[in-house]
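Peer 1: Here it is, the structure, as structure tokens.
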Amino acid sequence: MVDFAKSLFGFGNYKKESSSQSPTPPPSAHSSQEQHHKSNTEEYPQSHLSQQQHSHRYQPPHMSEQSHQFPQQQQQQQQSGTNKFFPKTLVSAAPTTAVANHSSVYGTTSTTTNNYPEAYLNQTFKNNIYNPQQQQQQQAQQPPPEQQQSSAPYQNSANIQQPYGNQWGSSQDQDANIITIDKTGNKLSPASRDSPIKGKLKVTILEAKDIFATQPYVVCSFESSEFVTNAPDSYGKSPVSSFGHNNNQGHNGPRNMYNSNHGPSPKALPMKNSGNLFGQRPSMYQRQLSTPHLNLPNDSSNPIWNHDTIFDVVGSKSELDISVYDGARDDAFLGHVRISPSTDKNNKNESEWLQLGARITGETVSSGHIKIKWEYTSFDNNIKRSYGPDDFHFLRLLGKGTFGQVFQVRKKDTNRVYAMKILSKKVIVKKKEIAHTIGERNILVRTSAASSPFIVGLKFSFQTPSDLFLVTDFMSGGELFFHLQKEGRFNEDRSKFYTAELILALEHLHDNDIVYRDLKPENILLDANGHIALCDFGLSKADLNMDGTTNTFCGTTEYLAPEVLLDEQGYTKMVDFWSLGVLIFEMTCGWSPFHAENTQQMYKNIAFGKVRFPKDVLSPEGRSFVKGLLNRNPKHRLGATDDARELKAHPFFADIDWDLLRAKNIPPPFKPHIVSETDISNFDTEFTSENTSALKRQMEMATTPLSPGIQANFKGFTYVDDSTMDDHFARSYRANAFRPPGSFIPGDPNLPPDEEVLAEQIEEEDEMEVDEDQHMDDEFVNGRFDL
């Protein structure tokens with residue numbers, strides 16, 4: 001026991017035997033682990049609330065006035081001026097995510113240094129286990145008299161810098177042998193081989209009527225992609241509406257479009273349990289609705305936008321969600337409508353008026369209508385379906401990490417805004433992270449195909465001889481960490497809302513045999529409506545069933561479960577629930593429950609320390625929930641019996657309607673302020689303020705291309721056969737060794753097992769040279785430290 005304690009807390013040289021060259025935690029003495037498998041709790045006054053010191057993210061100067069002192073700890077001025085939930089030992093550390101605020105592929109979090117990669121995904125997609133009911137809009141109202149419309153359509157900004165231009169060629173002309181599977185896991189015939197994109201949906205927001213708003217704007221969501229209109233081009237007149245009510249009716253409050261007795265038109269969004277009276281709604285939503293969301297102005301407005309957008313279509317029965325907000329009144333929600341455009345074949349819907357309604361029974365909304373039109377165009381064999389860097393305009397840098405950078409980009413053919421993660425192959429091979437990098441892409445493909453509503457979707461993956469590219473939906477609300485840092489902490493209802501949506505995301509991953517392993521605020525994104533999306537699967541592991549274990553020592557220090565540090569037999573998916581307990585404690589209390597001045601003490605706190613709850617912050621049900629998640633014995637931890645379903649049944653969530661939550665019909669407690677689809681105000685200015693022209697010059701100064709043998713490590717990342725990559729590499733190398741050559745179409749989930757990749761990696765790694773300034777010291781990456 002003495003030797004073990006010395007080795008754990010830095011007083012000895014004990015190391016766990018492993019084939020990995022990376023630092024791994026020592027095994028535990030079972031007797032000591034049994035004695036400390038539960039978290040003891042203490043309370044102290046709320047005056048001791050504090051915000052932890054976090055290092056890698058910029059914090060505005062005014063934030064220092066909002067933070068509280070940690071008990072028995074003097075406030076210290078950091079060189080970066082940052083306050084984070086990370087220990088001070090990480091002040092000079094590189095960011096653990098490549099994204100200051102982004103999508104699931106945004107992060108570039110990596111695993112333990114020199115750790116041998118985990119197994120690849122050895123299977124294709126599973127059947128979709130999440131099949132929400134598609135709620136088809138059935139309205140057939142007569143349009144009102146035509147109003148004045150602006151002739152100026154929405155135009156893209158003309159002064160956007162474009163770092164890359166056309167210096168990277170395309171490989172679209174190559175006829176590769178492609179293996180493709182559909183959403184259900186069935187292999188497609190050669191005739192139907194293509195990228196995941198099956199067509200495009202053009203949506204035009206024309207105008208609205210009887211909207212009680214001063215600065216209305218519209219958020220359109222389709223398959224996790226978002227479009228935010230600018231301010232209206234003009235406003236029409238406000239005569240008595242042809243819908244049978246005048247504008248003065250709003251003075252007494254808008255009518256609830258979901259009352260069954262209201263009006264002749266059907267509901268735009270059928271609601272489960274919509275027959276419940278407001279008095280029968282769960283208490284959480286009674287509290288939310290007790291404060292009016294909408295203070296109506298005296299006169300209604302008829303905004304005219306004529307703004308259109310094009311969505312890349314992946315699914316066949318996806319919903320288009322249209323929500324209207326008022327930017328002049330703290331983004332007040334005015335109403336929304338959902339329709340399901342037919343995407344089975346070419347289809348066109350002329351303009352129609354849709355009635356705006358509430359998201360939940362009893363919610364106050366405007367009594368207006370919105371006029372839209374849409375057109376779906378299916379791709380045929382003559383349409384280009386191979387993509388590369390030259391198919392995107394690069395707008396802004398969003399984040400940097402160990403392996404690369406994340407950009408906000410605009411797809412040239414559709415003007416759709418995405419997030420693009422660019423990973424350096426040289427750095428990946430040097431750090432022996434090939435398997436985890438490709439594994440991240442595989443998990444994104446699998447989760448995107450299963451249409452999980454709370455996981456960022458992967459739209460494209462391709463590669464050049466020097467880099468890997470992952471293109472995902474852009475989440476304009478930024479990282480949850482950005483908002484947590486700004487506000488210090490959240491109230492219990494807001495924390496509960498985010499936790500509940502995270503439980504649904506983890507439930508989806510665990511049911512698909514995926515353990516996440518890196519849950520933290522930096523890896524949780526907010527969309528334009530305020531819902532969460534889980535991102536960054538660089539540390540995730542697939543093919544881990546309920547009883548399966550894994551041994552890789554990875555994650556972020558403050559969120560590591562004790563069994564990762566102590567159990568030589570490995571750990572299970574229960575590590576995600578431990579991290580969830582740490583996260584909800586941070587959100588509600590404002591600091592990490594296991595914070596310490598140094599890493600060794602933090603490990604000790606995780607293994608044996610007490611959790612101290614501040615007074616009057618968490619309800620008894622909330623404390624019980626956190627204690628259940630922070631049980632040090634994973635076999636007794638909340639969720640050990642029935643995974644996420646056990647968490648959902650906890651009394652803490654007694655007021656949650658999980659069906660409504662899964663359908664995103666519960667109003668989020670917070671709506672990010674968004675002014676346009678390219679708005680980056682919710683992202684860290686440390687990254688977004690960088691000059692993209694300078695980044696362009698850095699990217700153009702390509703390093704020496706990799707050999708064909710090393711390139712073989714990345715086979716399977718795209719939909720090309722083994723020879724295409726080498727042939728393309730050879731041609732591009734002869735043409736210009738310092739010009740990043742062409743790119744390829746999105747990737748194939750059928751990848752080689754890690755044994756093949758590892759063999760290639762070991763043979764070729766000695767041929768590589770990587771500039772030392774491309775990566776930080778290993779000990780400062782992702783909180784990985786020697787025990």
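One is the number of the first residue shown, and numbering goes on along the chain from there.
Cβ coordinates are placed from backbone N, Cα and C, and glycine is handled just like the others.
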Peer 1: Suppose a student reads Swiss-Prot and sees Leu398, Gly399, Lys400, Gly401, Thr402, Phe403, Gly404, Gln405, Val406 listed for ATP. Which of Lys421, Lys425 should they find annotated at that same site?
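Peer 2: Within the candidate list, Swiss-Prot flags Lys421.
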Peer 1: Cα of Thr402 (ATP binding site) to Cα of Asp518 (active site, proton acceptor): how many Å, rounded?
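Peer 2: About 16 Å separate the Cα atoms of these two residues.
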Peer 1: Restricting to the domain 'AGC-kinase C-terminal' (654-729), what is the model's mean pLDDT?
Peer 2: 73
Peer 1: Cα distance, Gly404 (ATP binding site) to Asp518 (active site, proton acceptor), nearest Å?
Peer 2: 18
Peer 1: Would you work out the biggest C-alpha to C-alpha distance among Leu398, Gly399, Lys400, Gly401, Thr402, Phe403, Gly404, Gln405, Val406, Lys421, the residues that bind ATP according to the record, and give it in angstrom as a whole number?
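Peer 2: Output for ATP binders Leu398, Gly399, Lys400, Gly401, Thr402, Phe403, Gly404, Gln405, Val406, Lys421: max Cα distance 14 Å.
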